[in-house]
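Chemist: According to TrEMBL:
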type	residues	note
DOMAIN	515-706	domain 'STAS'
TRANSMEM	74-99	transmembrane segment
TRANSMEM	105-121	transmembrane segment
TRANSMEM	128-147	transmembrane segment
TRANSMEM	167-188	transmembrane segment
TRANSMEM	200-222	transmembrane segment
TRANSMEM	242-266	transmembrane segment
TRANSMEM	278-297	transmembrane segment
TRANSMEM	333-353	transmembrane segment
TRANSMEM	365-382	transmembrane segment
TRANSMEM	402-422	transmembrane segment
TRANSMEM	459-487	transmembrane segment
Amino acid sequence: RMMNVLSRIYLVTRPIFSEDSFSAEYKKIDRQHKSLRDHVKEYFTCDGKRVKNALLSLLPIIAWMKIYRLKEWLLGDVVSGVSTGLVAVLQGLAFALLASLPPGYGLYSAFFPAVVYFFLGTSRHLSVGPFPVLSLMVGAVVTRIVPDVGPPANITEFEGLTINQQRVIVASSITFLMGIFQLAMGLLQVGFIVIYLSDTLISGFTTAAAVHILVSQLKFVFGLKVPSFSGPLNIFYTLEQIFLQITKANVADVVTSIIIIVAVIAVKEINERFKLRVPIPIEVIMTIIACGVSYGFNFEEIFKVDVIGNIVNGYESPLAPNVEVMKEGAVDAITIAIVGFAVAFSVAKVYSVKHDYIIDGNQELIAFGASNIFGGAFRSFAASTALSRTAVQESTGGKTQIASLISALIVLITIVGIGFLLEPLPKSVLGALVIVNLKGMLMQFREICYLWTRDKTDLVIWVLTCVAAIILGLDLGLAVGVGVELITVVFRAQFPRCCILANIIGTDIYRDRKDYLCIHEPDKVKIFRIPSPIFFANIEFFRDKLIQAVGFSPLRVLRKRNKALRKIKKMIKNGELQIGIKPTALVPASDKLDDENNTDDLDQPTDFSDLPVQVNWKAELPANISVPPVDIHSLVLDFSAVSFIDISALKVLKMTLKEFIRVDVEVYIVSCDVYIREKMHDCMFFDDEIKTSMFFPTLHDVMLHILTKHPDSQCYLKHFYNKIFNTNSASCYL
């Protein structure tokens, strides 16, 4: 038992170090930092090893194909590919409606990007293809340039084309431009940009997108002819038209949608509850049944149900992107590119962690960029990954992108061979399937309660992003969300929680004095913790908090002392105050001394050179002269959480420290990063008043240093050593 107790105690005997003494005792390695020229030279140096690494990085398929376990993985990839392919066909058709395009073009989006990603992507589990949020964002651009009602935008290439052909040009051109942006970001190594889209922001944004998608599908569920709207408040215009026409709802569409929704939800619950090895493909089953019933009972003629109609048989020729369209939708393309990559990368990270492999953000940008460029050239619309489709691919045994390649083959078979069988499928069925697949995104509303109890700042980000995206539209909503997120970061950095530290009795640990009972705060010493970087925007905040913590303004005290000293000198000169020394030896006559309005030297150090004695500012002063009291003799600044400091902040910090030093307060800085101290040297921070000797490596070092200089505070040491050694004296340890 004694050994167990001793094993949880550590004792260290060493000198008290300042940074100067530590540097003298332990020599630092003089490292040569690479210059910008060295980095550029290294970047453009080419050898066999770099070529090999570049090739493996650009074509990740080479790396994972070399370790492919044919016997163990192939069957799972085949089963997964077939299951995912069936889902991809239906989602391609359904998500094309979100993009305001003929359903057949959704199959192109489920095929071309998946094939390109197979060679270039680093995730082994992503199912690349249409994503409802991106489809809706593309649809907003499509309906803005080619509206349902009214003439399209003045685009030369639109002349003589049908509305669907015009919309295909818009969607493919925006997708092509989106791919260029993603490819450029990947080549420029700016994959880090997604860190500015937090999980909270993405959750709020995708929830708002789910609401938009839900509303956009109501017209198919009810069988109504509702024009598409774009821009702010579009969701409310759509709801207004739906409610105005609700009495004209097609009963067959409504009944079909209800049956589809109920059946799919019920079977999906069974799949989740019983963890089936191969989930029941209920969407495929219901689609086949709906096609058969619609064809057999002639829904289109008898019940006036809107069906998919003609699906393009085979592939159309490649299409060059339209430059005028790209100019019109450049801003939208940037937004779509960032959102598409952020969602795909976040999903890819989940599965890479689960299956223990590495993904490369920059290579993912290149892969998605190339996928969308290639897809846009073949009349596809924006591709990313659908969460439900990727979940199907992983849960049914998919191990690599071979599963995605097989799913693309299923889509290919549908396009060139059996697509005509889907022509009698009611659009209400696709709308119902889209709504059912929104369950996961709509359930994110539950995060409001979670964030309320955990982090109200993140709650504000979530709510404002969601509300803005619903009201203003997805593009402006995302901008608002990013703005709110950056503002919260600024506020957190600009107004952090500063605190006064105290010692946990019997330890060398220091914590916020408000949080613990068993603490000791040494007399006349303040330990002020700065918990964030210091820069131009928060230095005044820190200064105010520091003055509030110590209980006085050093500049005000300094000015009061200098005014009092000026008055004392004047009284001595005029013979009003006697101190037993000849007045001629005290103060030379000068106009500056007699000028009571002169304030130029009030901020300077107190000058006792003209007096034979120094003034004791703690004693009672003559002629009712009073100055604010200074209750501390030492101030310690804890820089352990300060990661950087800029030049503007250094200037203010230097002046603030000088103000404390000039009122006889010893200032110390502890745990300051070595690179910050180097910057201080470079910026001429040190002078006759601010010296390197004020820097200490740890809080306990500086406290022991202070308490040996000020024996009146050594009761602190007694608290410390009594706790450890159960003794009433600590003198032998001083």
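Yeah, the Cβs are placed from backbone N, Cα and C, and that goes for glycine too.
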Chemist: Quickly jot the same-chain residues contacting the transmembrane segment (200-222) by Cβ under 8 Å, restricted to those at least six beyond its ends, or write none.
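Modeler: Hits for the transmembrane segment (200-222): 97-98, 132-133, 136, 139, 228, 235, 238-239, 242, 245-246, 249-250, 253-254, 257, 306, 339, 342-343, 346, 427-428, 430-432, 434-435, 438, 441-442, 444-445, 447, 451, 458, 461-470, 474, 477-478, 481-482, 485.
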Chemist: Considering only Cβ pairs within less than 8 angstroms, which of the stretches 128-147, 365-382, 459-487 has the most against the transmembrane segment (105-121)?
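Modeler: The stretch I would name here is 365-382.
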Chemist: How about long-range neighbours of the transmembrane segment (365-382): same chain, 6 or more residues beyond its ends, C-beta under 8 Å?
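Modeler: Non-local partners: 58, 96, 99, 101, 105-106, 108-109, 111-114, 116-117, 120-122, 128, 130-131, 134-135, 137-138, 168, 171-187, 190-191, 315-316, 318-321, 336-337, 340-341, 344.
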Chemist: Across the domain 'STAS' (515-706), what is the average pLDDT of the model, as a whole number?
Modeler: 84
Chemist: Which one, 167-188, 333-353, 402-422, has the most C-beta pairs under 8 Å toward the transmembrane segment (459-487)?
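Modeler: Against the transmembrane segment (459-487), the leading stretch is 333-353.
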Chemist: Please give the sequence-distant neighbours of the transmembrane segment (167-188): residues at least 6 beyond its ends with Cβ less than 8 Å from one of its Cβ atoms.
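Modeler: Those are 99-102, 105, 138, 141-142, 145-146, 155, 157-158, 161, 319, 321-322, 325-326, 329-330, 332-334, 336-337, 340-341, 362-383, in sequence order.
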